[in-house]
Amino acid sequence: LAKELIERIDLVCEVNNTDHHTLQNSVDRLIVRRGQPFTITLHLRPGTHFQNGDNINFIAQTGPIPSVEAQTKAKFSLSRFISRSSWSATAETSDSTVSLTVCSHPNAPIGVYKLMLDQGEGIGLGEFVLLFNPWCKQDSVYLASEAEREEYVLSQDGLIYRGIPKHITVLPWTFGQFEPGILDICLQILDESPNYISDAALDCSERRNPVYVTRVLGAMINSLGDKGVLVGNWSDDHEDGVKPTVWKDSCSILQQWSNDGCRAVRYGQCWVFAAVACTVSRALGIPCRVVTNYGSARDSNGDLVMERFYNEFDENIANDSIWNFHVWVENWMTRPDLALGYEGWQASDPTPQHRSEGVLCCGPAPVRAIKEGELTFKYDVPFMYAEVNADVVEYIKLRDGRVFKMGGSTTEVGKSNSTKAVGRDEREDITHNYKYPEGSQEERRVYEKVNHHNKLAQAGEEPGFHIKIKVTPDMQIGSDFDVYAELKNNTMVTKSCRVMFYGQAVSYNGKLGETCGLGEFTEMNLASTEGEPVFLITLRLEYAEYSKAINQDRMIKLVALLIDAETRDFYRAKKTIILDGPEIIVNILGVPKVGQNLVADLALQNPLPEPLENCVFTIHGANLTDGKPITHEVGTVGPKEFVTAKVQFTPKLPGQRKILIDFASDKLHNVETYENLVIYE
């Protein structure tokens with residue numbers, strides 16, 4: 001079949017991309033998945049005779065140094081049937097057209113391919129992008145449930161959970177993996193990795209393995225040690241970049257990285273790293289979900305016991321830290337490199353905090369290996385195990401150097417692991433995937449397997465004092481409110497003690513800020529209560545004071561310390577609270593059809609006793625706002641006043657969509673909500 005006999009080639013992108021679940025990417029570029037046939041049409045010059053039995057050979061190749069040995073080049077010929085276990089092709093002819101059906105190997109490397117006729121120098125038939133295929137049983141990312149494929153591969157928006165277990169907050173996020181240009185940026189991330197730069201032939205060959213690709217992404221989403229996408233920043237200084245809490249979608253970050261010559265985007269924190277990793281994974285065809293772990297331990301010496309030393313003002317003076325929450329991702333794949341039974345969800349943490357085989361990345365670790373305490377399984381199971389399981393021993397170090405052990409807790413770490421439910425805007429608790437129930441025989445069996453003594457098992461005497469912090473449900477930013485410390489004396493006699501009760505601003509990663517409502521130590525006598533609470537200490541938290549201390553996380557850590565004057569024993573209670581923000585009221589006006597203008601009618605009441613300056617509403621949504629956020633400035637809003645705005649947007653594609661709405665100002669940000677829309681043709 002000579003080149004001059006082919007008049008034109010039609011890649012039939014719309015039909016193929018529909019079959020391969022990539023139509024949202026593009027209608028004018030061929031994007032297909034591994035192990036699944038696609039059909040292109042060759043239009044021959046009139047009078048050309050095509051003999052189906054002719055000896056016609058093809059080449060499909062990817063990467064800069066394609067080779068058959070590395071599986072980056074495939075040679076195959078026309079056959080009678082499509083094979084599902086190797087590259088293959090069949091042909092059907094009618095008049096002067098040839099329908100050519102091609103199927104890739106289900107384990108072929110992903111990437112940009114050239115398809116050629118193997119004649120002379122090769123006759124180019126076209127270019128296509130090959131992705132992982134969760135619809136193909138032979139693919140290592142095969143996911144059997146259609147509903148799960150809709151959620152974990154095709155859904156372009158989702159919900160990320162933050163806050164604390166007793167006050168879980170929801171951040172709507174646009175992943176946007178099918179927005180124009182995003183797939184190319186995801187492939188560009190692979191091409192900018194140190195692995196590709198040092199050995200492109202080997203790197204392109206390894207791209208057949210989702211474990212390898214996930215590991216490369218884990219290193220490339222953060223900027224440490226390579227040309228990665230995001231710089232982490234947990235300080236309060238974001239002058240030379242964007243505050244991590246401002247981002248609400250992945251596309252803005254990926255586009256900025258690509259447009260700026262692969263310069264790392266400033267700044268991200270854990271949920272931003274995870275959300276971008278989720279976008280790239282889904283774009284490449286690896287099923288992915290964002291997971292939040294509450295009480296996430298960073299075990300600095302690897303002994304799985306968090307030894308936390310505090311001074312009298314409850315400042316942690318050790319290296320071990322427990323984050324209020326931490327966010328990572330799980331990717332779905334088989335693990336042929338491990339024993340059977342460890343396939344399925346694999347945890348990867350793209351936040352830069354751990355060196356793995358010399359590279360700042362973490363995972364993929366089989367979630368089941370974390371649960372079973374299989375610390376030798378690849379990759380980074382010990383680090384992930386500690387994040388959800390470390391035991392906590394706490395000491396207080398006085399100014400004179402004396403150290404006292406305080407009551408420990410084995411349940412502070414790894415609570416309420418959360419991800420968005422499949423097909424519903426609800427939280428699914430997946431803690432049981434990571435650990436056996438706290439205190440169960442299986443949990444302690446795993447802990448012993450991990451070969452560490454539970455230093456907390458030495459049960460102490462029932463202490464003489466009990467101290468507990470109580471709060472009321474309505475703690476909105478801008479208001480003044482009371483919190484309470486409840487003291488009990490469970491001995492038979494009146495006790496002399498000293499009490500301190502205060503609040504302190506805290507970030508989601510446990511970093512403490514300024515105090516608000518600091519009380520001095522108060523001397524008092526506490527009568528025997530015999531189980532009945534006898535004494536409430538009230539702490540007034542006033543906006544005028546706490547507003548100077550808190551940051552955008554709106555978290556305050558309450559601490560009550562009680563010292564037995566006679567025995568010098570220390571007792572402590574602590575509770576982290578989150579102040580509620582105002583609610584955005586949303587009405588969507590217009591007919592939800594493709595190409596028709598819709599209006600988001602927005603309103604919000606300023607809850608503060610002072611004006612808000614530089615107020616801005618931002619809306620965005622995949623296939624709703626043309627790939628980028630739409631902002632609407634509304635200026636200044638007086639104390640307790642309502643602010644309203646009407647923001648126009650035009651849907652581009654039909655289907656179920658989320659429109660995300662965000663409000664920001666000088667004194668109040670991180671206020672967000674979302675609306676679900678069904679857009680019709």
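Note: Cβ is positioned from N, Cα and C throughout, glycine not excepted.
Some features that TrEMBL has for this protein:
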ACT_SITE  Cys270  active site
ACT_SITE  His326  active site
ACT_SITE  Asp349  active site
BINDING   Asn389, Asp391, Glu438, Glu443  Ca(2+) binding site
DOMAIN    262-352  domain 'Transglutaminase-like'
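A 10 Å cutoff on Cβ-Cβ distances gives Glu438 (Ca(2+) binding site) a total of 14 other Cβ atoms nearby, all chains included. Summarising model confidence by region, the domain 'Transglutaminase-like' (262-352) averages a pLDDT of 85.
Around the Cβ of Asn389 (Ca(2+) binding site), the number of neighbouring Cβ atoms within 10 Å comes to 25. The active-site residues shown are Cys270, His326, Asp349; of these, the one with its CA atom nearest the CA of Asp391 (Ca(2+) binding site) is His326. In sequence order, Cys270 are the recorded positions from Cys270, Asn389, Glu438, Glu443 with a C-alpha within 10 Å of the C-alpha of Asp349 (active site).
Local packing around the recorded positions Asp349, Asp391, Glu443 was summarised as the count of other Cβ atoms within 10 Å of each Cβ; on this measure the leading residue is Asp349.
The Cβ of His326 (active site) lies under 8 Å from the Cβ of Cys270, Thr292, Asn293, Ser296, Asp349, Thr351, Glu387, Asn509, each on the same chain and at least six residues away in sequence. Around the Cβ of Cys270 (active site), 27 further Cβ atoms fall within 10 Å across all displayed protein chains.
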